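Have a look at the structure below, then the notes.
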Amino acid sequence: MAEENVMRYRIGYALEQKKVQTIIQSSLIIHARNRGIDLISIDLGKPLIDQGPFHCIIHKLSGPKWSKQLQEFSSRNPDVIVVDPLDSVERIHNRISMLQVVNEVKICQKSEISFGIPKQIFVENPASFYNCIETEGLKFPVIAKSLVANGSAKSHQMFLVFNKEGLEGLKPPIILQEFVNHGGVIFKVYVAGEHVKCVKRKSLPDISSETIGTSQNLLSFSQISNLTSEDQSDESVDRLIEEAEMPPMSFVTEIANGLKQAFEITPI
């Protein structure tokens, strides 16, 4: 009888199907249930306002339709915690506002390790391509990416532009960012609450001045990855990743905490 009277917390989640498959595992559902938490899938085919009750909603969706539903639900249920607030989500879905926040993060670490973003510009129309690059002093090669960073197929499509001729193959509005050689290895940081994990992953190879002179004008990231796979063996890639030096964990944690506070989001 005592167990029946124990308060249970209902958490509704609204995620894309691929995220449901990777995040909402049966082990997580059981783990939560044993601790008094019920994870409830929000039916995207029904109005959100007709579902519940919820103590908390976790969502990783975007778009005007979902935003309108979430705003209506929040106005009628102000006590329900929403992770994350729409204003914070919209900020990280725009690469300009997202990187503006990154520039505001202050790091107290006293070391030779630097933290920042490469030089970039936002181009709204084709006529301003050359003027923008010359005015801002961007150096080739540059990475071309969409303004939107909402997880869509378009937002993941990126190109490496080797010269001015390559700009002709792009369709503004678009962001151009200087490519920085980084040894063919990137560090990905995963954050869940107070837990921070940094891992090494294969990345684009360094671009030499000789490569710029002999390469095509414009290449998609997928094309570059295919070319790299042909030129490098699995063993050489593994060795490259293994030899890359990890940044100090204290430094990574400080950056993660700074970004979390600046964006006002709950990383999951």
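Backbone N, Cα and C atoms are what each Cβ position is placed from, and that goes for glycine too.
Annotated domain 'Inositol-tetrakisphosphate 1-kinase N-terminal' per TrEMBL: 10-88, in sequence order.
Other Cβ atoms within 10 Å of the Cβ of His156 (1D-myo-inositol 1,3,4-trisphosphate binding site) number 13 in total over all chains. Annotation source TrEMBL lists 1D-myo-inositol 1,3,4-trisphosphate binding site at Lys19, Lys60, His156, Lys188.
Residues annotated as ATP binding site in TrEMBL: Arg95, Lys145, 177-188, Ser203. A sphere of 10 angstroms centred on the C-beta of Phe187 (ATP binding site) encloses 15 other C-beta atoms. A strand conformation is recorded for Phe187 (ATP binding site) in the three-state DSSP classification.
Per TrEMBL, domain 'Inositol 1,3,4-trisphosphate 5/6-kinase ATP-grasp' is recorded for 113-263.
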Worksheet, complete the sentence: For 1D-myo-inositol 1,3,4-trisphosphate, with binding residues Lys19, Lys60, His156, Lys188 per the record, max Cα distance (Å, no decimals) returned as 20
Worksheet entry | Residue distribution over DSSP helix, strand and coil in the domain 'Inositol-tetrakisphosphate 1-kinase N-terminal' (10-88) | 34 helix, 17 strand, 28 coil
Discussion item. Quick check: of the binding-site residues listed here (Gln177, Phe179, Asn181, Ser203), which one has the Cα closest to that of Lys188 (1D-myo-inositol 1,3,4-trisphosphate binding site)?
Written reply: Ser203
Discussion item. I'd like to confirm something. Which of the binding-site residues, Lys19, Lys60, His156, has a Cα closest to the Cα of Arg95 (ATP binding site)?
Written reply: His156
Worksheet item: Closest of the binding-site residues to Phe187 (ATP binding site), Cα to Cα, picking from Lys19, Lys60, His156?
Response: His156
Worksheet, complete the sentence: Spacing of the two Cα atoms, His156 (1D-myo-inositol 1,3,4-trisphosphate binding site) and Ser203 (ATP binding site), in whole angstrom, works out to 15
